[in-house]
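Student: Okay, handing you the structure first.
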Amino acid sequence: MELSTVLLLLGLCSAGLVLGSEHETRLVAKLFEDYSSVVRPVEDHREIVQVTVGLQLIQLINVDEVNQIVTTNVRLKQQWVDYNLKWNPDDYGGVKKIHIPSEKIWRPDVVLYNNADGDFAIVKFTKVLLDYTGHITWTPPAIFKSYCEIIVTHFPFDEQNCSMKLGTWTYDGSVVAINPESDQPDLSNFMESGEWVIKEARGWKHWVFYSCCPTTPYLDITYHFVMQRLPLYFIVNVIIPCLLFSFLTSLVFYLPTDSGEKMTLSISVLLSLTVFLLVIVELIPSTSSAVPLIGKYMLFTMVFVIASIIITVIVINTHHRSPSTHIMPEWVRKVFIDTIPNIMFFSTMKRPSRDKQEKRIFTEDIDISDISGKPGPPPMGFHSPLIKHPEVKSAIEGVKYIAETMKSDQESNNAAEEWKYVAMVMDHILLGVFMLVCLIGTLAVFAGRLIELHQQG
């Protein structure tokens, strides 16, 4: 009993499908009996075919800043009425809608005007949905590669305003009129990009009159997309490493000059920065229309490192100066030894000694005590015989020479210590200056644009 019921139901379903297929086959054969796909679907040639166009954005595939091409995945919805494709559902078993190949019917030749690469027209001919009133809905998928003027001035904190201009290629506004389905594209199925976010999307209809035919309008629908770049990738991989290189450059001035590693560290930082820039150069748009923010910051970092090397050479040269080659100007002594240490509170820095030996150690006339060892002033006109003794006089001259040499060496050492002290003061000043320049330079490059984006919300 149950088996027979199942077989009966299957038979009824099969019969329904066969009848439905027969009705649809008969309907399609009747509709296309005398149909021409090259003739506009109007009863009077003076009538205008009204085509409704809607754009559904599915995915933002790629933004090529160099070639200024935006690749998108879209669905282009087109609707119109073909009076040749109407029928009475009662005559065909209640069939109200059918799907037919789009190649078999007349279609508006809607193309992407600002196409940059590939095909201008839609190449995927999917089936259309046709109802008994002659209303046709065609939603083919397409990959559009549209031209977009990429402005890289604020890269990577940039916004781009790109557009898609759609219109019929051969029909003017007097025979085919295209109308936007909505004043903005459909973003209900949009898949978010990891690099871009769409802030605004609008559509406008334009009437364009060309000089060849000033009375004939040509219609187009232009969709504008305002896209903002997500800068996190560039902040982590470019900006922060450059900032760290700048701080590392500043630490060169904290390294003691006597260690002999100042230039080694400076050159190492420069080489590391050069290799880093060679690696990340492909991430930056290679265009000459403008210098992007990130390019300015990388240039600032490079100049910053090179300037530190040049100044380090000057500091090392100052550190190793001696009185035999350089005499310290009075203004240098006054500024770097007397003034700046007091202003900057260098209390832990030991200043070089400036005591000068002003008294002569020996004079030409030496008072020698009496041979008996009793001190006392010599008589008037008396000269000690020891002074006139050649051996004693030679010994005195030797001692005098040694004393003068020691005095000269001491003064030379004091002068050298003064130059080292000046170099140390320069190091401390430059450490603070370079740290400050690093922060101010970073803020000067990026702060203006970040404030502008914050105000825009």
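For all residues, glycine too, the Cβ spot is worked out from N, Cα and C.
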Student: Is it the same side of the membrane for Lys30 and Arg321, going by what Swiss-Prot records?
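Tutor: The record shows them split across the membrane, with topological domain names that differ.
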Student: How many whole Å apart are the CA atoms of Cys162 (disulfide bond) and Cys212 (disulfide bond)?
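Tutor: Their Cα atoms are separated by 28 Å.
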Student: Write down the Cα-Cα distance for Cys148 (disulfide bond) and Asn161 (N-linked glycosylation site), rounded and given in Å.
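Tutor: For Asn161 (N-linked glycosylation site) versus Cys148 (disulfide bond), the Cα atoms are 8 Å apart.
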Student: Including all protein chains displayed, how many Cβ atoms other than that of Cys148 (disulfide bond) lie within 10 Å of its Cβ?
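Tutor: Counting Cβ neighbours of Cys148 (disulfide bond) within 10 Å gives 21.
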Student: Give the helix, strand or coil assignment DSSP yields for Cys212 (disulfide bond).
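Tutor: Cys212 (disulfide bond) sits in coil per DSSP, no helix or strand.
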Student: For the transmembrane segment (231-255), give me same-chain residues lying six or more residues beyond its boundaries with a C-beta closer than 8 angstroms to one of its C-beta atoms, as numbers and ranges.
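Tutor: Long-range Cβ neighbours of the transmembrane segment (231-255): 156-157, 195, 261-262, 265-266, 269, 272-273, 276, 280, 283, 294, 297-298, 301, 304-305, 308, 312, 315, 427-428, 430-431, 434-435, 438, 441-442, 446.
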Student: According to DSSP, does Cys148 (disulfide bond) fall in a helix, a strand, or coil?
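Tutor: Looking at the DSSP assignment, Cys148 (disulfide bond) belongs to neither helix nor strand, so coil.
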Student: Rounded to a whole number, how many Å is the Cα of Cys212 (disulfide bond) away from the Cα of Cys148 (disulfide bond)?
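Tutor: If we compare the Cα positions of Cys212 (disulfide bond) and Cys148 (disulfide bond), the gap is 27 Å.
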